[in-house]
Amino acid sequence: MYLVVRSASAQAEPIRVLVTGAAGQIAYSLLFSIAKGDVFGKDQPIILVLLDIPPMLPVLDGVVMELQDCALPLLREVIPTDKVEVGFKNLDAAILVGSMPRKEGMERKDLLKANVAIFKSQGAALEKYAKKTVKVLVVGNPANTNCLIASKSAPSIPKENFSCLTRLDHNRASAQVAMRVGVSTGDVKNVIIWGNHSSTQYPDVNHALINLDGEEVCAYDAVKDDSWLKGNFITTVQQRGAEVIKARKLSSAMSAAKAICDHMRDIWFGTSDGEFVSMGVYSTGNSYGVPDDLMYSFPVMIKNKSWKVVDGLSINDFSRAKMDATAAELIEERDTALAFLGQCLDPSNPPHSQL
């Protein structure tokens, strides 16, 4: 256990926050923001639990040293570990960044099989050690299906407590529209990411609003380029991750960390009135015809740490086709993953991997 800095002025009890894949590049961009209070509040003390595989523990020690050297008043403890019984104990929040990345020549079914083992084990660890109120965010890809497997492996934790990250795609879509119109991203609200965090996702601006000179205008009216909104805009958002890898030779880290912070902060503090955000959540009884038993990205509003799918939005034929296509991919992923579920490793010895 590594003690950091105690603040006499902080009155709240510390919350316990886990980050897996904690020696990886996304975590390196993420941990400072959590520890300084950008996510859970400026008066909320934090115990950070950093989990990674044994070969990464020396790197993790360096991360701990840097967190200590930041001298952050809210950071009460940093606990680096490779043991699930330590990592998942009494958690208030779990950010599951670590997963098996896709390697050259690896088929998608092989990627799914490896990640089913990881997230079955992590779900079992949540079930055994974490608080039943824990809020779980799955980042490691394929995030939607990994999240579904984790939730199924923790049956006593409500499925509503699990979500997966599509906020990065949401932020990308907002930024693309803002740049096109020439406004700040703060002037764009209510874009939607439907479906899977993959190249089949559907970035939808049919219900988005843009603040132009103090007046809220529909995105289609502000952009005035339907062919771009139905074409290059969608493909740019869908393929942005691949473009970042092509340019950086590494996957998105800074923007992914920012999206994680946005997602968890909204869970903790709620969304603003009249605004919704995109999250991968459990589909059951939704009004959009999305099949049940998927982790599917919807527009949601959040209050009192509970999300609710925004109902009643009109769906045109173009949107329906896109929403159905990404749902079909998620069904295929789910069915493949469930076929592997019984073949997983012993939950007491879970494999973890960096993202």
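Quick reminder: no glycine exception, Cβ is built from N, Cα and C everywhere.
Per TrEMBL, the features are:
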type     : residues                    : note
ACT_SITE : H197                        : active site, proton acceptor
BINDING  : D52, N115, V139, G140, N141 : NAD(+) binding site
BINDING  : R102, R108, N141, R172      : substrate binding site
DOMAIN   : 16-162                      : domain 'Lactate/malate dehydrogenase N-terminal'
DOMAIN   : 166-340                     : domain 'Lactate/malate dehydrogenase C-terminal'
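Across the structure, R108 (substrate binding site) and N115 (NAD(+) binding site) place their CA atoms 11 angstrom apart.
With respect to V139 (NAD(+) binding site), the closest of these recorded positions in Cα terms is H197, chosen from R102, R172, H197. Whole-number maximum of the Cα to Cα distances across the substrate-binding residues R102, R108, N141, R172: 25 angstrom. H197 (active site, proton acceptor) and G140 (NAD(+) binding site) are 10 Å apart (CA-CA, integer value).
In this entry, D52, N115, V139, G140, N141 make up the residues listed for NAD(+), with the farthest two CA atoms of the set 16 Å from each other. For the binding-site residues given as R108, R172, the lowest number of other CB atoms within 10 Å of the residue's CB is seen at R108.
Confidence over the domain 'Lactate/malate dehydrogenase N-terminal' (16-162), given as mean pLDDT on the 0 to 100 scale, stands at 95. The binding-site residues near the residue listed as 'active site, proton acceptor', taking a 10 angstroms Cα-Cα threshold over the set R102, N141, R172, are N141. R102 (substrate binding site) is 10 Å away from N115 (NAD(+) binding site) when you measure Cα to Cα. Other Cβ atoms within 10 Å of the Cβ of D52 (NAD(+) binding site) number 26 in total over all chains.
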